[in-house]
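Asker: Sharing the record's features from TrEMBL:
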type	residues	note
BINDING	I147, N171	substrate binding site
BINDING	S172, 227-228, D247, 282-286, T308, D334, 358-361, S406	NAD(+) binding site
DOMAIN	85-385	domain 'D-isomer specific 2-hydroxyacid dehydrogenase catalytic'
DOMAIN	180-360	domain 'D-isomer specific 2-hydroxyacid dehydrogenase NAD-binding'
SITE	R310	site 'Important for catalytic activity'
SITE	H358	site 'Important for catalytic activity'
Amino acid sequence: MLRNTVKSTATSAAARHFSSTSRKGMKVLCVLYPDPVDGFPPHYLRESVPDISKYPDGQTAPNPKAIDFTPGHLLGSVSGELGLRKFLEANGHELVVTSDKEGPNSVFEQELPTADVVISQPFWPAYLDADRISRAKNLKLALTAGIGSDHVDLDAANKAGITVAEVTYSNSNSVAEHTVMMILGLVRNYIPSHKWATEKRGWNIADCVAQSYDVEGMDVGVIAAGRIGLRVLRLMKPFDVNLHYYDSRRLPAEVEKELNLTYHDSPQDLARSVDVLSLHCPLHPKTHNMVNAELLSQMRKGAYIINTARGALCVRDDIAKSLEDGHLGGYAGDVWYPQPPPADHPWRTMPRNGMTPHISGTSLSAQARYAAGTREILENFFNNDPIRDVYLIAQGGQLAGVGAKSYTVEKGKASPGSHKA
Ligand code: NAD
C-alpha cells in the first residue's frame with residue numbers, strides 16, 4: 001500500500017525551547033513526493049552512484065557529521081524520508097513526513113501550526129504563502145531539499161524572521177545534463193521518432209526526419225549563466241555551436257573568452273539572436289512571466305525553448321499558442337506551475353512538446369547530495385551554528401547569502417510562485 005504520511009512513533013514530548021547552545025525538541029515537517037506506484041523500495045538498476053566531493057567552482061559537496069542512508073537509494077519520496085528519521089529521533093526531535101500538501105484538511109495544513117522546521121522540495125512544493133506563514137507561529141526554518149525557494153513567499157518569510165535555506169549546487173549539474181538531453185531531443189526530434197519505433201511499430205524514416213536537424217552550427221543561448229546556465233554552456237561547447245548568454249551579472253572576461261561567448265544585455269536581444277533558448281534564472285518578481293507573447297514574437301521561426309528553471313518564467317498560454325501557430329519549433333522542460341499541474345494543463349498536450357514531470361534535479365545521484373545537504377543544514381540549525389552562506393536565501397528579515405545575489409523581493413508583495421495558482 002502507498003504511504004503518504006509517516007510520523008514519529010516516539011514523539012518527543014520535550015517542551016520546545018531555545019538554549020544558547022542548541023535547539024531541542026523541534027518538530028520537523030517534511031513534504032516529499034509520493035512513493036512509486038509499484039511500491040517501495042523500488043528495484044535499483046545500479047549498485048552505487050559516484051561520490052562527488054567538490055563542485056566545479058571548488059565548493060565542497062555537503063558534509064554532515066554522518067548520514068543514515070545509502071547513496072543511490074530513493075530518498076526523495078515519503079518512505080525515503082531524506083534519510084533523516086534516525087538522526088532526528090536520536091536527538092529528541094519529531095519528524096512528520098507527508099505528501100499530502102493541499103487543502104485545509106491536508107496533513108501539511110494540520111501539522112504546520114506547530115512545526116519549527118518545514119522541509120519542502122521544488123519537485124512537490126509545499127507552497128508557503130503569507131497566509132500559511134501567518135499560521136505557522138513556530139516556524140523558524142524553511143528548508144528546500146534541492147535548489148529554488150520560490151515556493152516560499154520571501155517577503156512574508158522576512159517579516160516573520162524565518163530563515164530560508166536551500167542546498168545550493170546539489171543538483172545544478174544534474175539539471176544541466178537534463179537540459180542538454182532536452183536540447184538534443186527537441187532539435188533531433190527524438191521523442192516522436194521513438195514513438196514511431198515503439199508505440200506505432202513503424203519504420204517511418206521520412207516522418208521522423210522531416211522535423212530533425214543537427215545542433216552543430218546553431219546559436220544556443222541561456223538566460224542566466226549561474227551554476228546551471230554556465231554548466232549548460234560548457235557542456236554544449238563540444239557540439240561546435242555559437243554560444244550566447246544574458247545574465248544580470250556578467251561573467252568574468254576569461255570565461256567569456258574560454259567559451260567564445262556573446263553577451264546580450266537584455267533577454268529580448270538574446271531571444272532574437274538564437275535558435276535554442278534555455279532558461280536558468282530563479283523565479284522572482286523580475287523574472288516572472290519574462291517569456292511572453294511579445295518576446296516569443298521576436299524569436300526566430302522554428303526556435304526551441306528549454307525550461308528546466310521554473311514554469312512561471314513563461315506565460316503558459318503564450319507558449320502553447322506559439323507552438324500551435326507554428327512559430328516555436330518546440331518546447332521542452334520539467335517545470336510547471338502549479339505543481340503538480342492539473343490534468344488539463346495545456347503543456348501536456350501542446351504540439352512538439354518534450355515535457356516531463358519535475359525530475360531533472362532529483363536523479364538518485366542528486367538525491368544523495370541534497371539529502372546530505374539537508375542534514376548538514378539541520379545539524380547547523382540545531383546546534384545554533386551558522387548555516388553556510390552559500391546555502392542561505394533569507395535570514396534576519398532580509399535576503400542573504402546566495403539569495404541576495406539571485407533573488408529580488410518586492411516589499412508588501414507576494415513572491416510569484418509562492419501560492420498554488
Ligand atoms: P544560481 O544562483 O547559481 O544562478 C542563478 C543565476 O540567475 C545567477 O547567475 C543570477 O545572476 C541570475 N539571475 C537572477 N535574476 C536574473 C534576472 N532578472 N535576469 C537575468 N539573470 C538573473 O542558481 P542555479 O543553481 O543555476 O539554479 C537556477 C535555478 O534553476 C534555480 O533558482 C531553480 O529555479 C532552477 N532549478 C531547477 C531544478 C530542476 O530540478 N528543474 C533544480 C535546480 C534548480
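Each residue, glycine too, has its Cβ placed from N, Cα and C.
For each feature listed, report its degree of burial, its nearest neighbours and the pertinent distances within the displayed model.
Answerer: Cβ neighbour count for I147 (substrate binding site) (all protein chains, 10 Å cutoff from its Cβ): 27.
The number of other Cβ atoms within 10 Å of the Cβ belonging to D334 (NAD(+) binding site), over all protein chains shown, comes to 24.
Here the domain 'D-isomer specific 2-hydroxyacid dehydrogenase catalytic' (85-385) has a mean pLDDT of 98 out of 100.
DSSP classifies R310 (site 'Important for catalytic activity') as coil under the three-state reduction. Listed in sequence order, G148, D150, P282, L283, T287, V335, Y337, G417 are the same-chain residues at least 6 apart in sequence whose CB falls under 8 Å from the CB of R310 (site 'Important for catalytic activity').
Around H358 (site 'Important for catalytic activity'), the C-beta neighbours below 8 angstroms that are at least 6 residues distant in the chain are P122, F123, W124, D334, V335, W336, Q339.
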Asker: Under 6 Å from ligand 1 by Cβ, which recorded positions from N171, S172, R310, D334, I359?
Answerer: N171, S172, R310, D334
Asker: Measure from the Cβ of I228 (NAD(+) binding site) and count the other Cβ atoms within 10 Å, all protein chains considered.
Answerer: 28
Asker: Compare the C-alpha of N171 (substrate binding site) with the C-alpha of each of the binding-site residues I228, H284, K286, I359, G361, and give the closest one.
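Answerer: That would be G361, the closest of I228, H284, K286, I359, G361 to N171 (substrate binding site).
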Asker: Look at the binding-site residues N171, P282, H284, I359 and tell me which residue has the greatest number of other C-beta atoms within 10 angstroms of its C-beta.
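Answerer: Most Cβ neighbours within 10 Å: N171.
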Asker: Sorry to bug you, but what's the C-alpha spacing from I147 (substrate binding site) to G361 (NAD(+) binding site), rounded to the closest Å?
Answerer: 8
